[in-house]
Amino acid sequence: MWEFARKDPRKPVFAAKVAVALALITLLVFLREPSDIVSHSVWAILTVVVVFEFSIGATLSKGLNRGLGTLIAGGLALAVAELAAQTGKYDMVILIISTFIVAFCATLTKLHPKMKPYEYGLRVFLLTFCYVTVSGYNTGKLTATAISRFVLIALGAAVSLAINIGIHPIWAGEDLHNLVAKNFYGVAKSLEGCVDGYLSCMEYERVPSKILTYQESDDPLYSGYREAVEASAQEEALLGFAIWEPPHGPYKMMKYPWKNYNKVGGALRHCSFAVMALHGCILSEIQAPPESRRVFHAELHSVGQEGAKVLRELGQRVKTMTKLSSPYILSEVHFAAEELQKKIDEKSYLLVNTERWEVIPRHQGTSQNQDNSNAAAKESKDESPEHAAVDIGSVHKSNSFASNPFLSRVDSSNKFLSRYDSGSMVGGSLKPQSSWPARQSFHSSLPFEGGESRTYESASALSLATFASLLIEFVARLQNLVDAFEELSDKANFKDPVEEPAAVSSERCGFIVRIRNFLRL
């Protein structure tokens, strides 16, 4: 508990605030007057326990919902009681029918998606209506019961709100702001780690089972993008509380655009999915040979570095609430992606198994022209060899079976079965993933077929193309992220970028030096 409290000092402070609020409210128990209020003091204590939340937005939301629900339910209960009193001996029937109608309407309204922010208020409304109606009918003090309940709930909510705001306030909007800014750095770290790890031919000896089951793990490549992906629910919860908060701190606008923070977070998650796919290439069984990766090393590394640089720049701008200093923030990463695309076009023969390139006639596989298809196939067999295949054997030598590390490590001992960590799984072992195609021939008792080796060789070459295309896709998704940030910066009135003092001083010195040089001439 000591370490838990030291990790986030706001939590023990919050616990102390709740204790202070409850201590103040329990003073009502020791009061003797007014007797109607003191006899129902438990409602004030219950209100503090239920309404007092970690953030001010959550406290305001629950407090207003509880107060409004109690007020409306009390008024409606008084009206129903008056109607029941006018009916004489049928008063019990009126109360039962009214309870059914109110419960049905309140529950149905609560289930509507647009009423989700007011769900707690509807629950309190239903509870208060039933309590005031039943207890007032039994005691004959319907009005006194409704008034005392409303006063005590208002008192408990007021004490909770005053203490929560007056002592070390915790704002949900600020937490949402910090959460979105922090996720930028996590995704940037994962992107750099995935690119550097792929280029250095990093391989897991045992893939952690937590990664395979998408659970929390200490792996830095995995945890960075996972936090951004998993932040969706937390961002939605914080948004629901932030919209209740009054202007405060740097968020002094009325109707602050908190929803745009969720848009930025959603655009960042869209980029995180591409990083997740890049990490999947590292976890894959089929890997490209190191010599093929070295051919594209500079271009891949440049795209990864520039992409991470853009993410960190946007994260810093969100954190400091500053607009972009230049509209061309993506120019460098776009240039790096274009260079990678050009290199792929130039070296595309390295990404396929060129030995099996053949000029095969197009067949119309329908039952009506089966004879024509057979004739076309016969003619294709009679063509000369120089027209039937493309002679690029020299290219094929660079993609030979011996140079492929994936094929070389798949020997008769079936070592790929040990890459998956099943020891940490609870309640059973994790089976190795079934790869395509089937690997029955890799068993020690079965021979290794040449056709199957060529299939694996072709797949391993294409894995490099997959990684490169995913990296280019990540660059394409950055534009949506920049657009979402610019929309947020405009609506939230982010401050304009300030020129750094170093740049200003150097510019002034340069101007003075130019004047001196001009006078010397």
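Cβ atoms are placed via backbone N, Cα and C, with glycine included.
The compositional bias 'Polar residues' annotation in TrEMBL covers 364-375.
Annotated compositional bias 'Basic and acidic residues' per TrEMBL: 378-388, in sequence order.
What TrEMBL records for 361-388 is region 'Disordered'.
The transmembrane segment annotation in TrEMBL covers 12-31 (among others). Residues of the same chain lying 6 or more positions beyond the ends of the transmembrane segment (12-31) and with a Cβ under 8 Å from any Cβ of it are 5, 37-38, 41, 44-45, 48-49, 52, 54, 152, 155-156, 159-160, 163-164, 167-168, 170.
Within its own chain, the transmembrane segment (37-56) has Cβ neighbours under 8 Å at 14, 17-18, 21-22, 25-26, 28-29, 31, 62-63, 66, 145, 148-149, 151-153, 155-157, 159-161, 164-165, 169-172, 175, 238, 241, 245, counting only residues six or more beyond its boundaries. Per TrEMBL, transmembrane segment is recorded for 37-56 (among others).
Here the transmembrane segment (92-108) has long-range neighbours at 76, 80-81, 83-84, 122, 125-126, 129-130, 133, 137, meaning same-chain residues at least 6 beyond its ends whose C-beta is under 8 angstroms from one of its own. Annotated transmembrane segment per TrEMBL: 92-108 (among others), in sequence order.
The feature transmembrane segment is assigned by TrEMBL to 120-140 (among others).
Annotation source TrEMBL lists transmembrane segment at 146-167 (among others). Residues 13, 17, 20-21, 24-25, 28, 36-37, 39-41, 43-48, 51-53, 56, 59-60, 63, 66-67, 70-71, 74-75, 77-78, 128, 131-132, 136 of the same chain lie 6 or more positions beyond the ends of the transmembrane segment (146-167) yet place their CB under 8 Å from a CB of it.
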